[in-house]
Amino acid sequence: MSLKSTKTTAASETYLDDETTWDSLNLDPRLLQAIDKLGFENPTLIQSSAIPLALEEKRDIIAKASTGSGKTAAYAIPIIQNIMVQGSQLGTQSVVLVPTRELSNQVYQFMEQLIKFSNNKIGILNLSSNYSDQVLKSLLINKPEIIISTPSKLIQTLEAHEGKDIIDLSTVKNLTIDEVDLILSFGYKDDLQKLESYLPVKKNLQTFLMSATVNDDLNELKAKFCTKPAILKLDDDQSNNNKLVQFYAKTTEFDKFLLSYVIFKLNLIKGKTIVFVNNIDRGYRLKLFLEQFGIRCCILNSELPINSRLHIVEEFNKNVYHLLIATDDISVEKEEVDEVDEGEEEHEDAADADEKKQQNNNNNNNNHNNNNKEHKEVLKKNEKNKKHSSKKDKEYGVSRGVDFRNVACVLNFDLPTTSKSYVHRVGRTARAGKSGMALSFVIPEKEVGKHKTASLRSAKKDEKVLNRIVKQQQKNGFEIKPYQFDMKQVEGFRYRADDAFRAVTQTAIREARVKELKNELINSEKLKRFFQENPRDLASLRHDKELHPARVQAHLKRTPQYLLPESARLDVKNLGFIPFHKNKVGKYRKKSKGTKKRDPLKSFKK
């Protein structure tokens with residue numbers, strides 16, 4: 001059996017503008033020095049277009065470009081350049097809004113590198129970090145020039161300190177909203193409306209709206225915050241068509257685990273892989289299952305502390321880990337599924353309008369009442385889900401906006417519930433001109449529920465969601481190909497997978513979650529300051545240690561040769577000479593009598 005894996009190669013210079021140099025942009029020497037330190041030889045197309053418009057013409061910018069095209073530097077460089085030219089004044093001059101805490105930290109680290117040679121004259125505050133109230137007050141009183149935050153955290157801080165001289169946005173000259181489409185899909189529209197009253201919108205406020213897609217919701221923000229913006233669209237879809245290879249494989253509920261075991265144990269995918277699951281328990285079940293075969297992996301979900309999540313992303317980007325199991329269980333997706341289903345029903349109703357007119361009014365009323373009952377049931381389920389997920393971080397988002405570097409493959413172990421979520425998951429690979437592969441497991445409707453322990457509720461709609469994904473990808477010029485595994489060669493691994501899967505009980509999953517949380521809380525809180533002072537010791541902190549299920553089976557870690565496909569077995573002819581009988585030289589050799597130990601005091605002669 002073989003799986004067509006796409007190896008990541010060096011970045012093709014698709015996005016670079018070779019005709020433009022950094023010196024030609026008339027930037028501050030300190031900023032140029034920082035850019036050179038980062039290793040940026042030439043600006044990208046989006047940067048060479050946006051930076052002159054922002055600095056020379058003072059235009060608002062609306063930029064649409066794919067991930068890895070340099071959108072962050074396109075707004076970060078003009079912000080810092082303006083502050084360096086005008087000098088550090090009293091008051092906050094720039095606000096950067098991002099959808100998730102992980103992305104907030106990445107933007108903060110990037111901007112810190114850009115101000116490396118500014119002699120600490122520019123202050124940057126990452127409001128999404130875990131600060132105590134006293135520490136946060138002291139940082140805000142210093143009036144940092146740049147504030148990076150999620151919309152909800154910024155509004156929460158503004159309302160908590162309203163009427164106090166702690167945080168004041170009346171001096172802001174630049175507003176940046178990064179990943180606009182994600183911010184709107186996360187439900188931050190109300191927060192953006194509240195933010196409008198705190199900002200000097202009617203004055204000279206320069207705005208950057210950065211997004212991978214442009215939709216109708218963007219027009220609302222454009223009307224609120226922009227005046228005669230310059231709209232930049234980097235049409236790079238065609239150049240990326242050959243970079244991303246997409247497959248889907250129809251399989252059973254248990255065979256998902258079996259195929260995952262075979263793929264990772266035989267190293268069929270070369271390079272780093274992100275595996276997406278739809279809930280937290282699912283992630284731990286897969287981790288406990290794989291680690292019985294000696295397959296090391298780490299978990300990323302919304303229950304982990306923010307410091308641990310950020311460290312996992314950083315270590316993954318440094319190639320410390322090669323297999324990451326990420327939970328993508330955002331409640332927005334459930335709402336989108338309901339909206340899509342309702343939209344389809346409305347479309348079907350409109351198509352059959354003529355037939356329905358001939359029916360009795362009583363039937364229409366009954367249908368209306370049934371729809372109301374179904375709607376109430378959906379609301380009840382959503383309320384239960386909200387209560388159940390109260391401990392999760394609402395600003396967690398691993399499939400959206402986070403910069404995972406050099407990801408060779410994205411494996412959708414659980415198919416996402418919407419086509420939009422699929423696009424964001426797949427967007428973690430084939431970034432910045434590099435190649436990548438996406439493989440999605442799909443459960444046919446007739447196979448759902450046959451294996452209760454391995455079953456997942458959202459799998460009922462896998463085929464419907466797949467059809468939407470295929471249609472959307474075809475519109476964008478992409479193709480998702482079916483992939484057929486040679487199950488005859490996989491069957492030999494089934495009995496071992498059965499043993500390992502039975503060992504992963506619900507009790508083992510619960511104990512693993514508690515153990516993981518305890519370890520991560522200790523690493524995140526108590527040792528945070530120690531690791532800051534001793535960065536070398538941070539390397540010893542690993543997140544892919546075995547969690548040890550209740551039943552450890554050491555023999556599963558070794559794969560016998562007879563289970564491997566013929567192409568992967570060792571060549572018997574080249575094993576060398578192996579004697580039939582073991583070498584018996586010395587077997588009958590008499591044991592030499594060792595000299596008795598002598599006591600030097602007793603043997604001492606006068």
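Any Cβ shown, glycine's included, is placed from N, Cα and C.
What Swiss-Prot says about this one:
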type	residues	note
BINDING	Ala65, Ser66, Thr67, Gly68, Ser69, Gly70, Lys71, Thr72	ATP binding site
COMPBIAS	336-352	compositional bias 'Acidic residues'
COMPBIAS	371-382	compositional bias 'Basic and acidic residues'
COMPBIAS	586-596	compositional bias 'Basic residues'
COMPBIAS	597-606	compositional bias 'Basic and acidic residues'
DOMAIN	52-232	domain 'Helicase ATP-binding'
DOMAIN	261-488	domain 'Helicase C-terminal'
REGION	336-397	region 'Disordered'
REGION	586-606	region 'Disordered'
MOTIF	20-48	motif 'Q motif'
MOTIF	178-181	motif 'DEAD box'
Cβ-Cβ neighbours of Gly70 (ATP binding site) (radius 10 Å): 23
Same-chain residues near the motif 'DEAD box' (178-181), Cβ under 8 Å, at least 6 residues beyond its ends: 71-72, 75, 96-99, 103, 107, 208-213, 215, 217-218, 221, 400-401
Across the domain 'Helicase C-terminal' (261-488), average pLDDT on the 0 to 100 scale: 76
Residues near Lys71 (ATP binding site) in space but at least six apart in sequence (CB under 8 A): Ile46, Ala63, Ala65, Asp178, Met210
Residues of the parent chain within Cβ reach of the motif 'Q motif' (20-48), under 8 Å, 6 or more residues beyond its termini: 55, 63, 65, 69-71, 73-74, 77, 80-81, 84-85, 113-118, 232, 234
Mapped DSSP class for Thr72 (ATP binding site), helix or strand or coil: helix
Cβ neighbours within the same chain of Thr72 (ATP binding site) - under 8 Å, at least six residues apart: Gln106, Val107, Phe110, Asp178, Met210
